[in-house]
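A.B. asks: Just passing along the structure, written as structure tokens.
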Amino acid sequence: MTGKLVIGNWKMNTRADSARKLAAALLADAETNRDGVGIAAPAVYLAALGEQLQGSSIALSSQDVSRYAEDGAFTGEASAAMLADVGCRYALVGHSERRQYFGEDNAALLQKMRNAAAAGLIPVLCVGETLAQREAGSYKEVVAAQLAVLAELDAADCVIAYEPVWAIGTGKVATIEQIAEIHAFIKNWCLQNAAGSDKIRVLYGGSVKAENAEAILATKNVDGALVGGASLDADSFRVICQAAGKLI
Ligand code: PGA
């Protein structure tokens, strides 16, 4: 895929009816129903959305994937094979909310990356530092430590989403200079440490909105966006996708 990738992360929002309506609005619009646009929906709605999006250009993504690959006694889990079975193409892995509230560490995330890839899903590894880490000046070390799982993979057909925790859902956006700096750092880290690194796309996430999308997406080494809050509104998400579509 060339061009920018925009994935809407619905998080723990919507109900069956509102999810269907939001997807219908995206399907009906050429700016959102095209290659390079995806939605990461709550697990319970993935099967229905997989059917609804069938034959469309919108890619379906899960928000997580089990660290366990095989069927069995893992109550509450959804395996990579199950996610692929209902039509997912991407799987978010290690979102900061998963790291923070569910204690996900690199060992678990490596399993998740491996399972997603083995099932034919493209994992989207989320990385990013907290405000304290940013202010302490250790953000590059933090991000490098999170990226370290990629060095363990043989072939890294994956996407990275850089999302500073302090910019997620806060309305605070990293400056263009901050985004450019860390994206260059991530690309460079990948070139030195990850197999297949020239193909790895790096998305920015954290309070991406209709108003700031174009400037962020036009920043060097930004290959797309992971959009939370603004992806729940079809009109806002459309503007973000439109901005992405204009850029190479
Ligand atoms: P936000 O979330 O756009 O609401 O800040 C981004 C994300 O967490 O993926």
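Each residue, glycine too, has its Cβ placed from N, Cα and C.
TrEMBL lists these features:
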ACT_SITE  H95  active site, electrophile
ACT_SITE  E163  active site, proton acceptor
BINDING   N9, W10, K11, G169, S207, G228, G229  substrate binding site
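Each of these features: where is it, how hidden is it, and who are its neighbours?
C.D. replies: When secondary structure is read from DSSP and collapsed to three states, H95 (active site, electrophile) falls in the coil class.
Taking a C-beta cut-off of under 8 Å and a sequence gap of six or more, E163 (active site, proton acceptor) has these contacts in its own chain: H95, S96, C126, V127, G128, Y204, G205, G206, L226. In the three-state DSSP classification, E163 (active site, proton acceptor) falls within coil.
For K11 (substrate binding site), the same-chain residues 6+ apart in sequence whose C-beta sits under 8 angstroms from its C-beta are P42, Q63, E97, G228.
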A.B. asks: Among the binding-site residues listed here (N9, S207), identify the one with the smallest other-Cβ count within 10 Å.
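C.D. replies: Candidates: the binding-site residues N9, S207. Fewest Cβ atoms within 10 Å: S207.
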A.B. asks: Ligand 1 is in the model; which of the binding-site residues W10, K11, G169, S207, G229 have a C-beta less than 6 angstroms from one of its atoms?
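C.D. replies: Passing the 6 Å Cβ check against ligand 1: G169, S207, G229.
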A.B. asks: Out of G169, G228, G229, give me whichever of these binding-site residues has the highest number of other Cβ atoms within 10 Å.
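C.D. replies: Selected residue: G228.
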A.B. asks: Can you check what DSSP calls W10 (substrate binding site), collapsed to helix, strand or coil?
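C.D. replies: Its secondary structure by DSSP: coil.
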